[in-house]
Each structure stands twice: as structure tokens, then as C-alpha cells.
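Participant: Marked as active site by Swiss-Prot on the basis of similarity to another entry: Asp330. Swiss-Prot lists Asn40, Asn82, Asn104, Asn211, Asn263, Asn417, Asn448, Asn477, Asn482, Asn502, Asn517 with the feature N-linked glycosylation site, giving sequence analysis as the kind of evidence. Per Swiss-Prot, the feature signal peptide maps to 1-19.
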Amino acid sequence: MRVDSTVLALVALATDCLGLAIKSNEPELLRRDALPIYKNASYCVDERVRDLLSRMTLEEKAGQLFHKQLSEGPLDDDSSGNSTETMIGKKHMTHFNLASDITNATQTAEFINLIQKRALQTRLGIPITISTDPRHSFTENVGTGFQAGVFSQWPESLGLAALRDPQLVREFAEVAREEYLAVGIRAALHPQVDLSTEPRWARISGTWGENSTLTSELIVEYIKGFQGEGKLGPKSVKTVTKHFPGGGPMENGEDSHFYYGKNQTYPGNNIDEHLIPFKAALAAGATEIMPYYSRPIGTNWEAVGFSFNKEIVTDLLRGELGFDGIVLTDWGLITDTYIGNQYMPARAWGVEYLSELQRAARILDAGCDQFGGEERPELIVQLVREGTISEDRIDVSVARLLKEKFLLGLFDNPFVNASAANNIVGNEHFVNLGRDAQRRSYTLLTNNQTILPLAKPGEGTRFYIEGFDSAFMSARNYTVVNTTEEADFALLRYNAPYEPRNGTFEANFHAGSLAFNATEKARQAKIYSSLPTIVDIILDRPAVIPEVVEQAQAVLASYGSDSEAFLDVVFGVSKPEGKLPFDLPRSMDAVEAQAEDLPFDTENPVFRYGHGLEYEDN
């Protein structure tokens, strides 16, 4: 007989502390009762959760189910009704995503301490959980991640995958954990374990490439590094593994942030392979999962967004895979909004016709616990009071969310040492580790006539450059000229091709064709035919660049690196060690012909997964 996961969760909560209760004696109980149970660290976590839950009003419970972005700033109330003060003081919310650049670690730590202080002033004093999208690399997109700023700067996860070094991934995660902890961030809205089986998809830079086995191997170390020693605890940063059940196979490579990219498809009937990294994450102790916006088409599943889909969340994730942790939806499934000045409808794909109230009910019924990017607790209150959703069902999700706060130690010490933050974040050791990874992750695709490394350019050697500032060359005492006719070598840094999209938010997603247009190809060809040229192609997606490979003297691939890293590799200060984490297709025809859900399905690629040359030892 199949037992509902909701019942199992309540039974577990009621019985986990039984052993402790039996062992208790009366004097000990008297000492422990000096504080409310939920504030008393001598009680086990499940007893504290149960006690706090029993004290909460429906409105306070509803507030726990929402996870909203905020930026650094004052806590004063404002006329829009959505300030931090309103969300904490009136809407009872305690989960926030820090959605702004961090330019001063101490200042950010002080801001988060201020938020925690405000939370302690509420009736029950439930502490705040601060989360963040990735902020240790080069991506700058309010919807997906932030440039490192004051944090140590590493290659994107693709670059870590290119190095195929689980210990390095563990080291990165431990560094990121220390830097997050220093400012008060306790939740990482990553890793992204989608497989990059559709080369046009705009989210590939956040993946670990095309190989499910490699992704699984690396993700285990990633999660363990963020959690620290053992299970989730006071020195942990919890991770949110996404996007279940694997966001890679997007129809035509479009992204489901947007209405035209809402479909996810499996023409190769390869659903199971996309689940492999999630199974590895669960085995490694993942405590939170995020489904993607997409709706599956051409499958036996209902064609509705994954967070609305009970077959996905309850039957597959909780039932078949046995997950009993938190399911956090992706952002903005209920309410239409603006991101910047771009209007964004709620990503309620397949259930657009439902009201906001009905969408919230559908998400809870599917088995999700928390609504990302929303601040609508009044909907939950209405659903319970109307009898659509039981308060017992709300209690199950609230208990999961509270338990996580207790495990993280937030109830016992929500504050950080702000004065120490600047000494931890971006310290010399962490920065050097990131810089070394940037250099090592470079992949040498071609090296005709062994032009690289340019270890000792002769005095007076002149360079034509594109894609980076000449000041980096001047600092090395190299001469930069304005035309190829004057130069001895050309050094070019190019982003992987994409088709710009309209809208301030939409434009951040590199989408569409992976090939340079005819005009740009002709322009580059003139350079390649004029002088020896070294190209660095920045692979946030698998570029279609056979003409570059054929015509340039040497081609390097990178996955998030600064100009100093590029020049160190070019001039032999560092060696490229990376191997391609995906195939590089030969043509857009080949890309369009491949099945979105099958890895390594592109016909006759320019380079296969795993390609990467090495510098010869001189």
C-alpha cells in the first residue's frame, strides 16, 4: 500500500525525538523549561519545530511559504507595500533572496544583521534565511547570477567541469561556503545540474556540461563542500539543486522564463538520463530541490509547468526518488510582474487560465513547499479559510522550512561578525585559488605550428587586439597597435555567438543562433588572413565556429575568465588543462537536427566532448 508522503512527514516529526524524551529526567526538564521549547537548544530539532508550529497563527505559517528577492537598503516602510519591513513585520516572511551586487562584505553583513534584528522583534522571533543565486564567477543577470565583485572569482561551473577534478569542485564549494557565511548568506540557489543536451539553451553556462556521469560525480563534491562536515548544520550553507527533472531539453533551445520557451521535449525518450544527476544529489544529502518553469510535451506527463505537476513533484520526486525535503518553486509562478521595465507574466505554463488563488492551490497540491519570488501569503490564508487547502497540509511544508532553520543554527545565533567579513571574503588565498582555476580551465582547441605559448615575444613585437583593454598589454610592456597591418600578432577575445533579444531582462539571456552572421565572419576572415591570430572564444554555449577553427592560428576556449588569465595562458605563464564539457557542433543545421534530450547527438561535430590539447614541454 502506498503511504502519502505528507503522512510520513508528520509521523517522522512526531517520533524522531522519542528517544530523547524517554531519557529525560525531571530536574533536567525543569532547567530546560526556563525558555520556550523552540528557543531552547537543549531540545532536539523536531521537538523545537513541533513547539513553534503549535504557537503560530495561520498568517504566520503562510508567511513561511514565500521566498522573495530583496536588495540592500533601508528597512523603512514605503507606499508600494512590498518593502522589507512590510514583508517581515506584516506578511511574516522569513526567507529572502539577496538580489543585488555585493560591493562591500562588511556592509552586506551589517545589513543582514539588521534584517535578523528586525525579525527577532516579531512576535515569535523567527530568524531570516538569506539566499543567493551564484555570485562567484562572471555572469551578470538578475535572473540567474551575479558577477563575483568582492568574492573570489572562479570560472563558471562549465569551467570546473572542463577540469574534471572533483577535489577542485569540493575546494570551490568550501571557499564559497566560507564567503557566504561571512556575510550571512545561508542558502545557495544552486547548483544547476541540468544536462546541456540542447546547445542553443541560454542557461548552459550554469550547467556542468553534456555528460550525466561527470555532472553526477562533481555535484556530489559540490553539495558536500557547501554543507561542510556531515549533514546540514550551523556551519553549512544549504544548497538548492535545480531544475528538476532536468531543464536541458528545451524545445528549439528557448528558455522557459519566457512564453515562447515554455515547452520541454523528449524526442529521444531520454527522460531517465536527465534524472541521473538529481539521484546523485539526493544521495549526497541534498535537502532542497527546485523544479523548472517548463511544461513537458510529448510525454505521459500532464503538459503543465513542473511546479504545478503532481506527477513530477509528488509521484516522481517524493514517491519514486524518496525525497522528503523542501521543494522550492522557481520565481514568479503566481503573479504577473515587471523585471526592470520589462513586463513578465506569471510563468504558469499550461495553467495560464487559472486565477492567482487557483495557481497557489495547484502548486501546493502538486507537493511544493515554498513559492519563489512571490509575497502573497494572503492567498494561503484564503485557501485554508475557504477549505480548499487544509491547515494540516500547510503545517507539513512549514515544518520542513522551520526544521531547516533550526538545523542551520539560525534560531541559536542568526548574526555574523560583520567586522570580520572583509578579512574572509575575497582574501588573498581564496582569490588565488579562483584565479588558478580560471587559467587551468582554458581548453586549447587548436595550436597550428605550435604558436602557443608565445613565451618570449621579441622586443618590438606589436599586437592587434579585440575584446579586452589595451591596458592589460601595456602593463606587460607589450605594444598595441590600431590596425592589423601594423601588427605581428592578433589576440582576439570573442563571446560565443548569439542573437540579441529585446527587453532589459530578456536581453540578458544569450539565445538563438550559435554561429556568427555572414558580415562578422567576413570581418574576422580578413584578420585571420592578415597575420597569425590567437582567438579566445568564451563558451557560455557550444559555439558553431568551424571557420574560426580553420582560419585562426590557435583557438582557445574559456568558460569565465578575466583578461589577465587569458594573457597568462597566451604567454605561457599558465598552461591550459581543460577538456570540452560538450560537443562543438559543425553547423546550425546539425544543431537543429539533433534531439533536444540526447547528449552527443550532433552530427560530425568540429570537436567532441573531451577534446583539449596541451602545451608541449619545452
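Using N, Cα and C of the backbone, Cβ positions are placed for all residues, glycine too.
Just tell me what is around each of these and how deep it sits.
Facilitator: For Asp330 (active site), other Cβ atoms within 10 Å of its Cβ number 24. In the three-state DSSP assignment, the secondary structure recorded for Asp330 (active site) is strand.
In the three-state DSSP assignment, the secondary structure recorded for Asn40 (N-linked glycosylation site) is coil.
Under the DSSP three-state reduction, Asn104 (N-linked glycosylation site) is assigned to coil, being neither helix nor strand.
If you take the C-beta of Asn211 (N-linked glycosylation site) and look for same-chain residues 6 or more apart in sequence within under 8 angstroms, you find Leu195, Pro581, Pro599, Tyr609.
Taken residue by residue with DSSP, Asn263 (N-linked glycosylation site) is part of a strand. Asn263 (N-linked glycosylation site) is surrounded by 20 other CB atoms, counting those within 10 A of its CB over all protein chains shown.
In sequence order, Ala109 are the residues near Asn417 (N-linked glycosylation site), counting only same-chain partners six or more apart with C-beta under 8 A.
Under the DSSP three-state reduction, Asn448 (N-linked glycosylation site) is assigned to helix.
Asn477 (N-linked glycosylation site) falls outside any helix or strand according to DSSP and counts as coil. Of all Cβ atoms in the shown protein chains, 7 besides its own fall within 10 Å of the Cβ of Asn477 (N-linked glycosylation site).
For Asn482 (N-linked glycosylation site), the same-chain residues lying six or more positions away in sequence with a CB closer than 8 A to its CB are Tyr464.
Other Cβ atoms within 10 Å of the Cβ of Asn502 (N-linked glycosylation site), summed over all protein chains shown, number 8. In the three-state DSSP scheme, Asn502 (N-linked glycosylation site) is classed as coil.
DSSP assigns Asn517 (N-linked glycosylation site) to coil in the three-state reduction, placing it in neither a helix nor a strand. Cβ contacts within 10 Å of Asn517 (N-linked glycosylation site), excluding its own Cβ and spanning all protein chains shown: 11.
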Participant: Could you tell me the C-alpha distance between Asn477 (N-linked glycosylation site) and Asn263 (N-linked glycosylation site) in angstrom, no decimals?
Facilitator: 52
Participant: In whole Å, note down how far the CA of Asp330 (active site) lies from the CA of Asn448 (N-linked glycosylation site).
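Facilitator: For Asn448 (N-linked glycosylation site) versus Asp330 (active site), the Cα atoms are 46 Å apart.
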Participant: For Asn40, Asn104, Asn448, listed as glycosylation sites, tell me which one has the smallest number of other Cβ atoms within 10 Å.
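Facilitator: Each of the glycosylation sites Asn40, Asn104, Asn448 was scored; lowest Cβ tally within 10 Å is Asn448.
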Participant: Nearest to Asn104 (N-linked glycosylation site) by Cα, among Asn40, Asn263, Asp330, Asn502, Asn517 (recorded positions)?
Facilitator: Asp330
Participant: May I ask which of the glycosylation sites Asn40, Asn263, Asn502 is closest to Asp330 (active site) if we compare their C-alpha atoms?
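Facilitator: When the Cα distances are compared, Asn263 comes out closest.
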Participant: Quick one: of the glycosylation sites Asn40, Asn502, Asn517, which has its CA closest to the CA of Asn263 (N-linked glycosylation site)?
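Facilitator: Among Asn40, Asn502, Asn517, Asn502.
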Participant: Using the alpha carbons only, what distance in Å do you get between Asn517 (N-linked glycosylation site) and Asn502 (N-linked glycosylation site) once rounded?
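Facilitator: Cα-Cα, rounded: 18 Å.
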Participant: Cα-Cα, whole number of Å: Asn40 (N-linked glycosylation site) versus Asn502 (N-linked glycosylation site)?
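Facilitator: Here the two Cα atoms lie 53 Å apart.
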